[in-house]
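Asker: Below: one structure in structure tokens.
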Amino acid sequence: MPVGTTDAAPYDAVLLLSFGGPEKPEDVLPFLQNVTRGRGIPDERLKEVGEHYYSFGGKSPINDQNRALLAALREEIELPIYWGNRNWAPYLTDTLREMAADGIRRAVVIVTAAYPSYSGCRQYRENLEDAARDVPNAPRLDKLRHYANHPGFVGSFVEATADALSTLPEGSAIAYVTHSIPNAMNDTSGPDGNGYVDWHLDVAAEIDAELERRTGQTRRTDLVYCSRSGPPQVPWLEPDVNDHLEALAADGAPGVAVVPIGFVSDHMEVIYDLDTEAAATAEKLRLPMARAATPGTDERFVTMLRDLVLERAAAERGEQPDRPCVGKLGAAWDDCRHDCCPPLRRPARPSAVKESA
Ligand SMILES: CC1=C(CCC(=O)O)c2cc3nc(cc4[nH]c(cc5[nH]c(cc1n2)c(C)c5CCC(=O)O)c(CCC(=O)O)c4C)C(CCC(=O)O)=C3C
Ligand SMILES: [Fe+2]
């Protein structure tokens, strides 16, 4: 049954908030400027990342992924669902303006990033604040809890990993992959620090455990990283997926399932850094590799998002909803603390979404 307007009270809309990406070659440079403004990314790295986009015709997959997710969500949720991005059209400010014009007073925000960190959480909230400041009568906004350890998200990756392994030789390894971030950013991720790595390790352990329950087999599994950026002297989370493939090949691994648990859909990092670059590394090493699917519009993922909207609505009405989660970390907080996931080089700014003290 689709979620009706009564179940979702006090919300009168949903906002899908994403990163955004270029649609055509002329968009690539202005997009990269939006993303990296004031972040000290070396020109070399920007040129390189620009080439990743040009090699796909200047078009990122992320916007079409979000259009597909919107269509799937609209089948499940009867409230109006809006879409806005941090770094490309439809820009968040325009979306909030449209919501205000439509008379939306209070919306629940789905972010297409599942884990705590400045890049995946507070940066989205700061951009909401910046956008809301420019919009008279902007709606009140609540962001869903981090959902990486929700059974819907983990379940989707369990199936995808099982599918990938089924195409590989017996005894193949699993490489869980996420976006690298500066070590210093991980140090302050989540309310107690190290949240980015801890959450990924917990999700990986749950997928491992479920696959072991199903098959009775254990195998080598690791958490590794892609898409490192920033100046070379700044330490980022390692090992890089390509170095890891070298290590697996040297150890005689019969194959590897590459499982992008850090990504909710096929972003550029997935189709370039994994499907293009890492796949070429594996080929060179003659290491059989299969990349597991991302959640995208998988039914478990879409149903999870619907359930999280209902859960949050119930909590805001003062009820005590069930908060499904797997792993050892427990369900995430609804409202982030004002001091969690701070920016690296300046104090935390106010955020448009509710925070706890
Ligand atoms: C943790 C994390 C996620 C996952 C959470 C989430 O999904 O938000 C993520 C997602 C994404 N990152 C993306 C693209 C880029 N990220 C960059 C740069 C950076 N990412 C960082 C971290 C993350 N990024 C960081 C610490 C930087 C350094 C600069 C800075 O501190 O901000 C750069 C600049 C060039 C470069 O430096 O590589 C680009 C172009 C796209 C769009 C892809 C598409 O088009 O499909 C998506 C979904
Ligand atoms: Fe990024």
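Positions of Cβ are set from backbone N, Cα and C atoms, glycine also.
According to TrEMBL, the record shows the following:
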{"type": "BINDING", "residues": "SER60, TYR124", "note": "Fe-coproporphyrin III binding site"}
{"type": "BINDING", "residues": "HIS179, GLU269", "note": "Fe(2+) binding site"}
Asker: Rounded to the nearest angstrom, how far is the Cα of HIS179 (Fe(2+) binding site) from the Cα of TYR124 (Fe-coproporphyrin III binding site)?
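Answerer: Just about 16 Å between their Cα atoms.
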Asker: Should HIS179 (Fe(2+) binding site) be counted as helix, strand, or coil on the basis of DSSP?
Answerer: strand
Asker: For SER60 (Fe-coproporphyrin III binding site), what is the secondary structure state per DSSP, taken as helix, strand or coil?
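Answerer: Note: SER60 (Fe-coproporphyrin III binding site) is coil by DSSP, not helix or strand.
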Asker: Given a separation of at least six residues and a C-beta threshold under 8 Å, show me what packs close to GLU269 (Fe(2+) binding site) in the same chain.
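Answerer: Long-range Cβ contacts: HIS179, CYS226, SER227, PRO260, PHE263.
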Asker: Show which residues of the chain containing SER60 (Fe-coproporphyrin III binding site), separated from it by at least 6 in sequence, have their CB under 8 Å from its CB.
Answerer: GLY21, PRO22, GLU23, PHE31, TYR53, HIS267, MET268
